[in-house]
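Undergrad: I am attaching a structure below and will ask some questions about it afterwards.
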Amino acid sequence: MIAWKSVIRPIKTVLRSRINSIGCYSILKSNMTTVADSTAEINNNKRQLGNSAPNRKPKKPKLRRYKAKKADPTGPLGVLEFEIDELLQEHGLKREEVKNDVSAILNDVPRLSGPMTRAYHRVVNNIKVLRNASNGEGMALIENPVETGKKQIALIPFGLVGDVVNINVYKTHPYHVETDLLDVVEKSPMRKDELITCKYFGKCSGCQFQFLTYERQLELKRNTIVNAYRYFAPRLVVEKLVQEVGETIGSPLKLGYRTKLTPHFDMPRRKQLEDRPPLGFGQKGKQKWRKDNLEIGGTGSILDIEECPIGTPAVNMGMSNERQKFDTDYQNYRKGATILLRENTTILNGSEETREQLMDNGSKNEQGEISFVETEDKEKDIKLAKTCVTNTRQVVREYVDGYTFKFSAGEFFQNNNSILPLVTKYVRENLQIPNSEPNAPNYLVDAYCGSGLFSICSSKGVAKVTGVEISADSVSFAETNAKNNGVENCKFIVGKAEKLFESIDTPNDRTSVILDPPRKGCDELFMRQLSEYYPARIVYISCNVHSQARDVEFFLKDTERGKDYKIESLRGFDFFPQTHHVESVCVMSRV
Ligand SMILES: C[S@@+](CC[C@H](N)C(=O)[O-])C[C@H]1O[C@@H](n2cnc3c(N)ncnc32)[C@H](O)[C@@H]1O
């Protein structure tokens with residue numbers, strides 16, 4: 001019995017870590033058949049050993065069914081469905097021809113390392129990458145190893161269109177397989193491995209684009225916007241209502257820009273650790289293509305990472321301090337956790353010692369002193385000190401283009417400070433109502449206003465700003481931020497975005513609306529009420545261009561007065577260089 005326990009426990013640990021990494025048990029079962037096989041085999045043998053009743057009819061094993069996780073159509077899995085269809089269309093294939101028999105893999109249980117699993121999960125060499133998905137992964141067609149004549153769609157992290165690669169297929173879904181990149185046999189002309197700045201690139205799940213020139217990154221992000229509108233706003237595209245997508249506006253900082261990082265660690269349950277567990281970011285599969293970093297950061301689901309080149313210097317100082325602390329106090333944790341590293345900015349008064357002016361708490365070095373970095377806003381001749389905060393409830397400050405914003409470290413705030421002056425200026429300019437009569441006042445509504453970033457940065461030149469936001473905490477910060485910045489024409493309401501329309505009292509012909517919803521986008525009720533209100537202009541900012549495209553199409557085609565609007569411009573802003581993410585800004589005005 002004791003011997004079995006020692007076999008089963010490590011298997012359970014592996015299973016647990018896979019559950020954490022994919023967050024879906026049904027998929028896990030389908031894809032962990034090697035481990036599941038071993039477990040089933042062990043259980044079988046256990047049963048046989050302990051089964052003394054003779055002639056008992058063996059129970060027929062229950063067939064396991066694949067349960068697909070319900071995916072948000074505008075989320076990564078939903079978008080992948082469009083990308084799969086497009087790839088199939090380009091190659092004259094039908095869905096049936098790339099369908100995997102997931103049930104066969106799932107039920108290949110009783111045999112240790114069953115042939116089904118071995119056949120499906122295998123190394124495949126010399127595969128041409130045909131395109132890149134919007135999440136940056138390469139897509140290729142490979143032969144189905146079991147059903148002759150059929151193909152499979154392989155997703156290849158860090159594979160670039162034009163690469164010829166060797167891959168290891170390790171997980172099967174109904175219409176695609178997940179793979180690890182083993183070798184790049186022939187390089188895509190896009191591939192510039194010499195640009196890679198991080199030793200963890202290729203292993204860490206954070207960045208996808210470090211081996212591309214920055215121009216290429218911006219181009220790919222523009223393509224993501226073009227495709228998003230093709231997939232989620234097809235009626236607008238067919239009727240040529242989507243303007244030419246503008247060039248993506250780059251971030252002034254390409255590295256060292258991220259003001260928030262959240263390294264994490266796992267703690268094995270019921271076990272005293274001798275060494276501290278890895279503290280860092282998730283590992284993306286088990287790549288082998290970067291031969292120089294195979295052992296770096298470890299081989300577990302979380303990589304041990306001491307520095308992140310996209311994090312700001314202050315955040316990286318915090319990371320170094322918190323790692324040192326973790327070296328000695330990791331035994332105090334009973335469960336895994338995430339450590340918040342959030343940059344905090346103090347405006348310095350030139351005549352005093354910087355350290356004396358750091359009034360907020362911050363991450364401390366070994367000597368017990370708060371670590372800080374000094375910088376400046378050259379244009380406005382303002383000196384700043386940046387520290388790193390780890391307490392989610394601590395109030396932090398951001399400095400944007402002459403304004404300061406306070407908010408709780410754990411609440412939402414844009415994570416790339418360097419691009420914010422460009423974005424807020426662009427939004428401000430695009431909110432202007434053309435042909436306004438001189439002296440006639442203009443108004444602004446900021447739906448999903450957070451702690452007031454766009455309201456406050458666009459408040460000059462308008463008579464009144466009304467912001468609405470679901471988080472009461474954020475609204476209270478928005479009010480404080482307006483007051484602290486000497487802005488007197490902003491009013492903020494707590495509630496769902498649609499609550500706005502109950503209290504809106506500004507004339508629609510003279511009012512512009514900013515929308516900046518979370519990833520899931522706006523709901524139809526809100527879009528209908530917006531159309532009823534009929535504002536002069538709308539600037540829709542989104543961190544998920546797919547839900548933005550869906551909402552814009554719904555607004556223009558399916559709401560009462562949507563047909564009276566046109567898309568005036570559409571373009572991306574690169575809030576997250578080196579990653580596949582893009583922020584999209586769509587400006588709509590009345591025809
Ligand atoms: C992407 S953030 C934008 C915040 C702000 N515009 C900024 O740039 O800092 C989206 C905000 O919408 C808020 N939110 C989420 N659902 C909402 C809803 N139904 N109505 C109003 N606000 C909502 C969130 O709390 C969050 O602050």
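Using N, Cα and C of the backbone, Cβ positions are placed for all residues, glycine too.
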Undergrad: Look at the S-adenosyl-L-methionine binding annotation in TrEMBL, where Gln414, Tyr448, Asp516 are given, and name the residue from Glu469, Glu498, Glu532 listed for that site too.
TA: Glu469
Undergrad: Out of 45-72, 269-296, let me know the one TrEMBL marks region 'Disordered'.
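TA: Checked against TrEMBL: region 'Disordered' maps to 45-72.
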Undergrad: Over the domain 'TRAM' (119-177), work out the mean pLDDT and round it to an integer.
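TA: A mean pLDDT of 96 is what the predicted model shows over the domain 'TRAM' (119-177).
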Undergrad: Rounded to the nearest angstrom, how far is the Cα of Asp516 (S-adenosyl-L-methionine binding site) from the Cα of Cys543 (active site)?
TA: 8
Undergrad: Long-range same-chain neighbours of Glu469 (S-adenosyl-L-methionine binding site), Cβ under 8 Å, sequence gap at least 6?
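TA: In sequence order, the residues whose Cβ lies under 8 Å from that of Glu469 (S-adenosyl-L-methionine binding site) (at least 6 apart) are Tyr448, Cys449, Gly450, Val475, Ala478, Phe492, Ile493, Val494, Gly495.
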Undergrad: Take the domain 'TRAM' (119-177) and count its residues per DSSP category (helix H/G/I, strand E/B, coil), listing them in that order.
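TA: Residue counts in helix, strand and coil order: 2 helix, 30 strand, 27 coil.
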Undergrad: Tally the residues of the compositional bias 'Basic residues' (56-68) by DSSP class, grouping H, G and I as helix, E and B as strand, and everything else as coil.
TA: 0 helix, 0 strand, 13 coil
Undergrad: From the centroid of the CB atoms of Gln414, Tyr448, Glu469, Asp516, the recorded S-adenosyl-L-methionine site, which same-chain residues not already listed sit within 8 A by their CB, in sequence order?
TA: Phe412, Asp446, Cys449, Gly450, Leu453, Phe454, Pro517, Ile541
Undergrad: Given a separation of at least six residues and a C-beta threshold under 8 Å, show me what packs close to Asp516 (S-adenosyl-L-methionine binding site) in the same chain.
TA: Asp446, Ala447, Tyr448, Cys449, Gly450, Phe454, Tyr540, Ile541, Ser542
Undergrad: Tyr448 (S-adenosyl-L-methionine binding site) has how many other Cβ neighbours within 10 Å of its own Cβ?
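TA: 23, counting other Cβ atoms within 10 Å of Tyr448 (S-adenosyl-L-methionine binding site).
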